[in-house]
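S.K.: Pulled from Swiss-Prot, these are the listed features:
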- Asp14, Ser64, Asp445, His446: Mn(2+) 2 binding site (BINDING)
- Ser64: active site, phosphoserine intermediate (ACT_SITE)
- His125, Arg155, Asp156, Arg187, Arg193, Arg263, Ala264, Asp265, Arg266, Lys337: substrate binding site (BINDING)
- Asp404, His408, His463: Mn(2+) 1 binding site (BINDING)
Amino acid sequence: MTAKRKPTALLILDGWGYREGKDSNAIANANTPFWDQISSQNPHVLIHTSGMAVGLPEGQMGNSEVGHMNLGAGRIVYQNFTRITKDIEDGVFAQNPAISSAIDKAVSNGKAVHLLGLLSPGGVHSHEDHILAACKVARERGADKVFVHAFLDGRDTPPRSAQPSLERTDKLLKELGCGRVASIIGRYYAMDRDNRWDRVQAAYDLLTLGEAPYHAESAVQALTAAYERGEDDEFVKATLIKGSSDNDAVISDGDAVIFMNFRADRARELTRCFVEQDFDGFQRNKLPKLADFVMLTEYSANIHTACAYPATELTNSIGEYMATLHKTQLRIAETEKYAHVTFFFSGGKEALFEGEERILIPSPDVATYDLKPEMSAPEVTDKLVEAIKSGKFDLIVCNYANGDMVGHSGVYDAAMKAAECIDQCLKRIAEALNEVGGQCLITADHGNAEQMVDENGQPHTQHTTGPVPLIYIGPKNISLKEDGRLCDIAPSLLDLMELEKPREMTGESLIVQN
């Protein structure tokens, strides 16, 4: 009979951050006796989950995708935002093969370069600095017609905050002497992701036909008129900005188009309108024969067009490494975070590794999770305890969604109830691990529920930039190093399992043997 395995578990408490202050801190103020016990009696430190520590620009809050990628990879995974910003700073962006080639083709045709994208400092789907850098590159490579088609934000930025971005862009293009902001439209239309093709068509027809319900002399005038109509940035209707003629800046045969969003999900639909011959979302009245259409990053493996920043492959994540060592592993979460403990934790790979099993627990069917703050945590725990006691798994990775998903609701009392539910679940898990001689690390991918009200007294619904806890439960006599990062967790797990880390993992183990 095969000997039962003593599991090492990683428990990821999504959105469970640390903050000194107790005001509006749903975690600190909740009744969590087990958490209080392990926080004071077990090895316990704080680790970093935002900014450069996870491959994001300094000061940028972390998120679940980035967090799980770093947790599983065992190295800092530089995000597209950071890769592109770094290339611009280092002068490498100007030589990017896809971007420079597209611009050169348009210039040799005597045609225009069109830059599409979310013109915003939000940093979630795009950054206006990238768009401005592309304007400069186009001019340096000889383009004398550079048109920015500005999609307006208002979701990752305040609802009416687009004016400085439009002014900054028009000012630069005027200085370069090569173009203007040629159209504006809210992201509600240009960046749909739910196959609402009527919205996307409004953007496509604006770009390719110059069809728009509104025209204006300048981008700022267009925005002012939209505000007067009661439209916030996100919902600004298609507006064409006049030049030498109404249609001098529509996308035409021989032009180059560069889509400057780095996040894929809301860039796919509009991209498909331009590049798919068998597109069937709506009837295209014009399909320009472009010199090139460039995606800033790969929006989908199924979209076949030039890409400036292809995905970098992550090899030897902890999941892949476990498989090469013929170890067994389990990934478990409820629906809301299932992709995070599977696809993202595996370095962007969907397929199961050899020896890997997965358990998906459905998330509750409620409008918002403050209505059921425990979500499916008790059911996740039932399956997790069963897996621990089964003796089947060397490594178990589990996500609890409550701190993040209930935190996003902005409802303080519900977030406290979520924390109290997690506390009860952790006690059950610790008892099961103790019973079989197992061990675990408890941490989070980023904070959220530790701050439920912002400095203006409004509900605080987004992630935080503060640290998160790291706690060890198990039989080993160890301490934990301070100042760790998410990328140090995989090496720490391997250390606890008495396994060497692969050379690809540049994170450091935080385990100190006493």
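Cβ atoms here come from the backbone N, Cα and C positions, even for glycine.
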S.K.: Where does His408 (Mn(2+) 1 binding site) sit in the DSSP three-state scheme?
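M.R.: It is coil.
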S.K.: Out of the binding-site residues His125, Arg193, Ala264, Asp404, His463, give me the one sitting nearest to Asp14 (Mn(2+) 2 binding site) by CA distance.
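M.R.: Of all the candidates listed, Asp404 is nearest in space.
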S.K.: I'd like the number of other C-beta atoms within 10 A of the C-beta of Arg193 (substrate binding site), please.
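M.R.: The Cβ of Arg193 (substrate binding site) has 12 Cβ neighbours within 10 Å.
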S.K.: Where His125 (substrate binding site) and His446 (Mn(2+) 2 binding site) are concerned, what is their Cα separation in Å, rounded?
M.R.: 19
S.K.: Do you know which of the binding-site residues His125, Arg266, His408, His446, His463 has the most other C-beta atoms within 10 angstroms of its C-beta?
M.R.: His446
S.K.: Please name which of the binding-site residues listed here, Ala264, Arg266, Asp404, His408, is nearest in space to His446 (Mn(2+) 2 binding site), Cα against Cα.
M.R.: Asp404
S.K.: Name the one residue among Ser64, Asp404, His463 whose Cα is closest in three-dimensional space to that of Arg266 (substrate binding site); these are the binding-site residues.
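M.R.: The answer is Ser64.
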S.K.: Taking the Cβ of Asp445 (Mn(2+) 2 binding site) as the reference point, list residues of the same chain whose Cβ is under 8 angstroms away and which are at least six residues distant in sequence.
M.R.: Ile12, Asp14, Gly15, Thr49, Gly62, Asn63, Ser64, Val66, Gly67, His68, Leu71, His340, Asp404, Val468, Leu486
